[in-house]
Amino acid sequence: MPSHPKSSFFPTLDSLVIITSLAFCLRLFAVLPSSFPLNDGGMFYTMVQDIQAAGFKLPMFTSFNSSLIPFAYPPLSLYVTALLNTLPLPLLSLFRFLPLVVSTLTVPAFFLLAKQVLKSKDVLLATLIFTLLPRSFEWQIMGGGITRSFGQLFSILTLAYSAKFFRQSSKTYFLISSLLLALTIISHLELTFFAVSSLIFLTLHFTPNFSGIKKVSAIILTSLILTSPWWMLILTRHGLSPFLNAAASGLQAFDPTSYTLFLTLSSVTDEVFLPVLGTLTLLGLVVTIQKRAWWLLSWFYLPIIIAPRNFLNFIVVPMSLVITHAVTSLLLPFFTHIIKPFSFRSLLALLIIPLYLLVSAIAFILPGNRYFDSVSSSEKTAIEWVKQYTPPNSRFLILSPQIFSSWGMDSLLEWFPALSQRISLATPQGTEWLPNHEFRLRKKLHQKIKGCYLQDPSCLESIFSSPTFRSLPIFQYILISRDNSLLSQACEVCLLTQQLQNSPRYKSVYQNPQVTIFSFSP
């Protein structure tokens, strides 16, 4: 591996500061337009309050949605948030800005990793690519990023310092790697699996022998010892069931061919315009095969195997390295060949792709991005009314305006039970920890309710009389939220709202410009 001369350190540091500042600005401009945490995070918001209510002892269950969900989630970031809230910093503000800050730190963390696995001249390029990939930050800066950002940061740092340990066999790097993996374990389980399995591929790259196996095993064993007070307590309370249930909820088939071709779609890299980064990834995979970099090729396909439900959020690290190979091995030689002699025109040609990626990243964070929806002020006002004027344990159906969004992109669906302390029957968040395929049942219920938007009220009632959902209690209230930015004829819930108003079994008990709440009398 090439050395890094001291003379180049400060220019490199200056460049890293500029790239990190760019990363911070991209994240900040995505967060600022909304006064509420982006998208998800309601369950973690409740879990932080549960920790505070328990006097900072680890609760047995979380009170979220009154579902008796085991408090088995890695608690580090939740405790950090609870402690910061005592300063005092408003809890909702912490859910807005703490993920942003921690996510920004992943950029210098990735730089440290890239220094270990790439040539020195390619490190800053890889860091810039990582910064401009929307998947490197979009889910980390949401409200739910309160855990994801910590997990991503510590997992990348684990890989960076483990790579140093594999190369130098330093006790200091061993202890740092073990501590960082321990912090990953108590931050995010899926990112723990990603970090541990990634260590194997780094070992194949640096020390493909029995010595490498011993080093990886020592890091994993030490991190397990460091985190044993937490996981032994969870196993004593709940056994393995919550973890097995959560793991089973994310299983799905893996087709490497269709997965690779899927990269040509901008939805994978979340590019606003053309899938330039996705195409470069395909070219980079060809380069890794040509260079026989099997460790990187295998590492690239790793996330879909260990975290099929969220693999797009984890693939960003190896993807950035793969794209860097494509740029340095194919694009740069091509451009330098066709634009000789050097001129302003040739410089402009070299800057076309990075400028395009910057414009694409800026366009991604503009208001209106579906990833950055949040609970509106009218919805918050309605939720406050629910908390004050409806009986505890009241059961609600939440009909949000995101008819074409999945449950994971429905901000109101998750934040309603967190803020109202009432039950949302179709909220799947947290049920992946429960037995009897509860997670699958709640997801299916959410999909069925979406199918009733253009039907009459009997559609909703018939769902709960069907064999699939007969075990669930029927709803007592329906909360309908409309998207006021849509034209009236495009309002999917307006027809249902009108029919509910005309039905003798439904009574409008609350209304504001966006939200209507109906009580139901069977």
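Numbers run from 1 along the shown chain.
In case you wondered, yes, glycine gets a Cβ from its N, Cα and C as well.
Annotated transmembrane segment per TrEMBL: 12-32, 53-73, 93-114, 173-204, 216-234, 272-290, 311-335, 347-366, in sequence order.
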Given the transmembrane segment (12-32), its same-chain partners at Cβ distance under 8 Å and 6+ residues beyond its ends are 4, 38, 96-97, 100, 103-104, 107-108, 111, 123-124, 127-128, 131, 137-138, 141, 361-362, 365, 369, 372
Under 8 Å Cβ-Cβ from the transmembrane segment (53-73), and at least six residues away from its ends along the same chain, one finds 42-44, 46-47, 79, 82, 147, 189, 230, 233-234, 237-238, 241-243, 393, 417-418, 421, 423-424, 427, 429-431, 433-434
Sequence-distant contacts of the transmembrane segment (216-234), meaning Cβ under 8 Å and at least 6 residues beyond its ends, amount to 58, 70, 72, 74-75, 162, 165, 174-175, 177-179, 181-182, 184-186, 196, 199-200, 203, 242
